[in-house]
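If you check TrEMBL, you get these features:
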- 202-628: domain 'Anoctamin transmembrane' (DOMAIN)
- 213-239: transmembrane segment (TRANSMEM)
- 245-263: transmembrane segment (TRANSMEM)
- 316-339: transmembrane segment (TRANSMEM)
- 359-376: transmembrane segment (TRANSMEM)
- 402-423: transmembrane segment (TRANSMEM)
- 435-457: transmembrane segment (TRANSMEM)
- 503-526: transmembrane segment (TRANSMEM)
- 593-615: transmembrane segment (TRANSMEM)
Amino acid sequence: MVSKYHEELRNEDLSLPFTPMVVIELVSSTKEEAIQWLVKKIRDKKEQGGADLKVTAVSRGQELLDNSSPNLLLVGASKKRLLLGAEETGLVKECKDGSMRAFTCSNRGSFKMLADDGCLFSIAECQYIVKHALDSLRARQEAMVPGYPLIRLYPGKSVLQRLEARGLLTQVFPLHNKDDLKKLAECWYGKLKPTFQPLDDIRHYFGEEIAMYFAFLQYFTLALFPKALVGLLYYLFAWEDYDKYVIFATLNLVWSTVFLEVWKRYSATLAYKWGTLSRQLEFEEPRPAFHGVLGRNPVTGRTEPVYSNVQRSLKIYLVSVPFVLFSLYVSLCIMMVYFEMEFWMQSYSSRRPSPWSGLLLYVPGIAYATVIEIMNRINRFAAEVLTEWENHALESSYQNHFIVKVLVFNFLNCFSSLFYIAFVMQDLKLLRQSLATLLITTQIVSQVIEAFLPYWLQTRNRQRIHKKRRDLPAYRRAPWLEQVELERSMLAYTGTFDDYQELFLLFGYVSFFSCVFPLAAFFAVLNNVTEMYTDAFKMCKDFKRPFLEPAANIGVWQLAFETMSVVALITNCALIGMSPPVRLAYRDAEADLILLVVAVEHALLALKFVLCLVIPDVPREIQTKLARMDFEKLQALKQQRLQQARESLELNGG
């Protein structure tokens, strides 16, 4: 059920009676009675309100590398508990006949074993089951946390969420698997070779959400290759010929629509293969940070915090929205300062032409791109603070409001100057220069912030841990202790938001105005290839291992990209209408040209939506398999009810 690497831990100097999969970190000042209560709660059977897991406590200063270390609980599970947990969580696994079915303990012999170690579940799935069991810990008769009379508990409320909200629980994280991680790293980024990414291996180790991101990154990169090739040819033969950019703008129109439609079908195929397409969603619990007056949840009947929707709406419309508008105003002011710098530099270069003055023309764009990246980071922090202050009850609601704020901020920051140059100034040469500068500078700055900075911080942290370990007595140098100490101080992986956001902005650059800078797709391909390796490296070396998160698609980002494709269609239609050949043909009928562009744009939008309706998001073969799964579920439920009816009749003497 677990990999051979974990079995080796039992034979170390400080042996453990079970396989540690998950670490719970409590603050160093946690009282002993609270730790003992939580340990007992985790060990107790489910019938007694526990999680039925294996756990051992490592107290502060007992075995860790310094006396200021927190209290740690190492948590694992028995084989039986993992089997029951897999059925509880609704894991969908591949059967020996190749079909996908929800796992059941009664039919476990019909499911295919993993090829690597002959187990039913990957370590990531085992850790997910343990995390689900921990999250299911509920208060029963306890009125408070032992030793903390002010931390009250309420029947049915999550224990870990309560401890986290009151500052006793610092973090819960799964442990890395050194052997599996080494194998994954070798086939993922260990060799520089132009091959597909090991998506199945990524999914087995990190889960579907992260694997889906890398699948999208790979698909996006491959989809850019035709545009990159055309862009290179365009650069070689028609660089300064703006009369011919109509061809590239037309290519953008087709590409931005086909790209997303094909991706939806490909992601559905992956989701079915990974068992997440037909997976049932669980009831969403309130966020740990959610607060309010105590009331009764009308759905669950539990006593939990309740917050007025009116009060939340007032916060959104009277504070958050005005702040967003003010931030957009600041962005526009910065944009106008950039234009002033650009005009001054052009004037200086024309008065004193030289190689140096030619290079100085790019300084305003580089400075503006750097400021944009800084503003994006500041706006992200502001959006996080505002969304937290709005006090959303559910994580999905929190994420939706947070993403909308960030995307509005970043869209205007990154694209407002380009739209102004294209449609107000109508300066195609400056548009090309600005797009090239923004695209390349943003890529360089983001790589430094996202890849090299975490690597530098983690290298320093690793050196600190090794130095402390050398100073310890030999009997306290158990390798698993060093691993726990190292991983708990690693940077936490905050999710795929920043990675998708980078691709979202890149999609805008290559689909909006790349007709005037044909090499945009080429630089985007270079960025994505680099991103594959740097993201893979930081996932394996720089961050804590994240818990598996089931994902059937890219979520709200699908809608974000589709919105961008609509904007791209409108933008490219307008650029075609502004092209010299078209304007020459309608030089005496500008009103007719505008009406024609609007009519064509509306017709293409209608065609786009028709294609979205006609082309199914899920391939027909997958639809058939899903229908068969639903039929088998109904048949099994019918048989179960018939069996219960027979037993009831026999009991009543019928």
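Yeah, the Cβs are placed from backbone N, Cα and C, and that goes for glycine too.
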Q) Hey, does the transmembrane segment (593-615) touch the transmembrane segment (245-263), meaning at least 3 C-beta pairs closer than 8 angstroms, sequence gap 6 or more? A) yes
Q. Taking pairs 6 or more apart in sequence, does the count of Cβ pairs under 8 Å between the transmembrane segment (503-526) and the transmembrane segment (593-615) hit 3 or more?
A. no
Q.
If we skip the immediate neighbours and take only residues 6+ beyond the ends of the transmembrane segment (359-376), which ones have a Cβ under 8 Å from one of its Cβ atoms?
A. 330-331, 334-335, 338, 341-342, 345-346, 348-349, 409-410, 413-414, 417, 433-434, 436-438, 441-442, 445-446, 449
